[in-house]
Structures are given as C-alpha cells and as structure tokens.
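Colleague: What follows is a single structure, and I will ask about it in a moment.
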Amino acid sequence: MKNKNIVLTGFMGTGKTTAGKIIAGELSMEFIDTDKEIEKRAEESIQELFEHYGEEYFRDLEEEIVEAVSSRENAVIATGGGVILRDKNVKHLKKNGVIFLLTADFQEILKRLDNCNTRPLLKKGKDELLKLMEMRNERYIKTADFIVETTGKTPFYVAREIIDIFKRIV
C-alpha cells in the first residue's frame with residue numbers, strides 16, 4: 001500500500017488538476033495530468049485532437065496513456081473527465097491506485113469553466129453539458145473508492161480532505 005497512487009476522477013471543472021498539484025506538493029509525490037500527457041504524446045492540444053480525429057481517437061490515446069501512467073508508483077494522477085468511460089482505464093487505475101471522485105454542483109462547474117475555451121465538450125452548450133454530466137455520474141460513483149464534494153471549498157481544503165483520507169488508509 002505504501003507506494004499507491006492517488007487517482008482523481010470527476011467531471012471537468014471539479015478541481016482535479018488544481019487539487020492534484022497541491023496534494024503532490026504536500027506529499028512529495030509526482031503529479032501526472034493524463035490530458036497533458038496525451039497532448040505531449042500527440043503534439044496537439046486536446047481540442048485539436050477532437051477536431052482533427054474525433055473523440056474515439058482521443059479515447060484510444062487516453063487509454064494508452066492511462067495504462068502507462070498507472071504502472072508508476074507514488075504519483076497523483078489527475079484524469080480527464082471521460083476516463084471512466086472505458087473499463088480498461090478503470091482496471092489500470094485501480095491496480096495501483098486509490099480513486100477519489102471529485103464532485104461539484106453544475107452551477108459551480110459552470111462558474112469555474114466560465115473563461116475556458118480549450119475544452120471541446122464545452123462547445124456543446126449548457127444543456128448538453130448537464131446531460132453529459134448526469135449520464136457519467138453513475139459510472140463515476142461506481143468506480144470511486146472515495147467521493148469528495150468540492151462545491152464551495154478551496155482547492156487547499158479539498159486537497160487536505162484527500163490527504164487525510166489517503167493517510168488513514170495507507
């Protein structure tokens with residue numbers, strides 16, 4: 001259990017990357033953002049990948065990256081919002097990781113993403129985004145080991161909650 005990874009899942013805008021960086025710093029762990037790893041490998045932004053090749057291609061790349069980073073130890077892994085859509089990803093992440101689902105209410109997510117124009121799924125509009133979030137919600141919950149609500153909390157508070165839980169179980 002000592003070299004377990006902390007895996008952060010959840011819908012976009014729930015604070016995975018922000019809290020993940022704080023946790024990694026506090027616990028002297030490596031921080032890995034799967035979306036950034038995908039962009040590095042593809043040499044294109046996520047938005048460009050969606051536009052040029054479609055979501056399926058992106059998900060295939062994501063699966064390769066998840067498999068690769070899951071074998072690392074002592075890392076905080078912030079995943080893309082759709083990583084849980086493929087069983088293989090969940091299997092890889094659980095192999096050496098504790099999965100924390102970060103949640104937030106929809107209005108909070110919209111507020112956090114207000115000035116963001118780099119997320120392809122945001123182009124679908126608020127109604128479609130809400131549908132997507134609701135559609136994924138059951139899967140998020142089913143795959144999580146722990147659930148952390150982030151609405152109204154600072155990233156430092158969220159990070160502290162996750163660290164406290166993680167320290168109790170390792």
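In case you wondered, yes, glycine gets a Cβ from its N, Cα and C as well.
Automatic prediction, not curation, is the source of TrEMBL annotations.
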Colleague: Return the residue out of R72, R112, R136 that TrEMBL annotates for the same substrate site as D35, R59, G81.
Modeller: R136
Colleague: Could you state the CA-to-CA distance between R59 (substrate binding site) and G15 (ATP binding site) to the nearest Å?
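Modeller: For R59 (substrate binding site) versus G15 (ATP binding site), the Cα atoms are 21 Å apart.
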Colleague: Which binding-site residues are spatial neighbours of D35 (substrate binding site) here, meaning Cα within 10 Å, out of G15, K16, T18?
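Modeller: Qualifying among G15, K16, T18: none.
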Colleague: Taking the residues D35, R59, G81, R136 listed for substrate, what is the greatest CA to CA distance in Å, to the nearest whole number?
Modeller: 18
Colleague: G81 (substrate binding site): which of the binding-site residues G13, T14, G15, K16, T17, T18 have a C-alpha within 10 angstroms of it?
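Modeller: Hits: G13, T14, K16.
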